[in-house]
Amino acid sequence: MWPLSHRHLCLAFLLVCVLSAISFFLHIHQDSIRHGLGLSVLCPDRRLVTPPVAIFCLPGTPMSPNTSSPCPQNSASLSGTWTIYPDGRFGNQMGQYATLLALAQLNGRRAFILPAMHAALAPVFRITLPVLAPEVDSRTPWRELRLHDWMSEEYADLGDPFLKLSGFPCSWTFFHHLREQIRSEFTLHDHLREEAQSVLRRLRLGRSGDQPRTFVGVHVRRGDYLQVMPQRWKGVVGNGAYLREAMDWFRARHEAPVFVVTSNGMDWCRENIDASKGDVMFAGDGQEASPWKDFALLTQCNHTIMTIGTFGFWAAYLAGGDTVYLANFTLPDSEFLKIFKPEAAFLPEWVGINADLSPLWTLAEP
C-alpha cells in the first residue's frame, strides 16, 4: 500500500469539511425544505410560486370550525390570497365578510380578513376567517376589484390569485347558497346570546301579564339617514304609518306577538309608535358605538320588521321567520337605484310594504 502524501491528507481533510458543512446546512433547513420554502433559501433571487402568508394568530380566531388551533398547520398549501377592505359600520362589514367568504370559495381561493374587520366582528361572532398581517398586506401584489351590490356572472370566474375586494356588498345573491355556513360564522358568543334571551324572558304582555311566545324584532333606522336619504338619494326612512301597518300584518297572522323595538332613535320611537295595546316593548339602548346588544336582541326574536339599512337586513337574515321590510323608499329617478337592486337586497319570501313618498314630492315642488 502506497503511503498517503501530505497533499493527499490535506485534500481528504478539506473534503470531509465540505461534506460536514453541507450536512449541517441541510439539517438546520430541513423543515423549510420539507414545507416548500427551501427554494427561497437556496435560490433567494427566484420568486416563489406560492409566497408565504403571514397571519395574526389572534385569540378566538380558529382556522376552521373543526379545529381548536388558531394557527394554520401548513400555510404553504394555500391557493392564493383574497381579502376585502373593511369599510362602513357593523352591518356593512358583515356583508363584506360574507361576500368575501362566498366569492373566495366559489373561485377556489383562501380568504383572509384585515385586522379592522376582525376588531369589529370578532367580539360579537365566532368568525373563523384568519387575519392577514399588515406587513403581508403592504407587500402583496394585489389586484383591486370594487364590487357592486349584486352577484354577477364575472364574479364566478376571477382568476386573480391576489385579490383585494372593496365596496359595500350585502346582497343575498352572493352567499345565500351558503346560508347555514354564514349563519354559523355569525353565531353570537354565548354571553351575548344569553343576555339577549334573558331580556326576552323578562318581557310580559301589558294587558294579561302573560309571557309572550312570539317575538317580533323591530329595527328602526334613524340617525344620519334622516339627512342622507332625502338630500342625497331622494328617499325616505320608515315612518310611524309604515311601522303600524307592519305590526298589524304580524298581529293578523300570529297570536299575541310582542314587538321588541330597537333603534338609533329611541326617543322618536317612543313618541311615534303606538304602545297602547301593551304588546310593544322599547328594549333597545340605541348605542351606535356598541350595537351588538341591540343586534343580539333582534337575532333572538322569531320574526323581524326592518326599515332600511344593512343592520336590519342581517338581523332579519339571522333571525329567520317572517320579515317585513320598507319597499320602494326612493323616487324612481333616484341615483340610489344605480347601486341598489331591491330584488337582490330582499329575499323573495320577505314581505314589502311601500313607503310613503309624499314628503319627497313636497320637497320637489318649487
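Even glycines carry a Cβ here, placed using N, Cα and C.
Taken from Swiss-Prot, the feature N-linked glycosylation site applies to N66, N302, N328, supported by sequence analysis. What Swiss-Prot lists as topological domain 'Cytoplasmic' is 1-8. What Swiss-Prot lists as topological domain 'Lumenal' is 26-366, and the listing cites sequence analysis. Feature annotation from Swiss-Prot assigns transmembrane segment to 9-25.
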Rounded to the nearest Å - Cα separation of N302 (N-linked glycosylation site) and N328 (N-linked glycosylation site):
25
Nonlocal neighbours by CB distance (under 8 Å) for N328 (N-linked glycosylation site), same chain, sequence gap 6 or more:
P342, G352, N354, A355, L357
Tell me the coarse DSSP state (helix, strand, coil) of N328 (N-linked glycosylation site).
coil
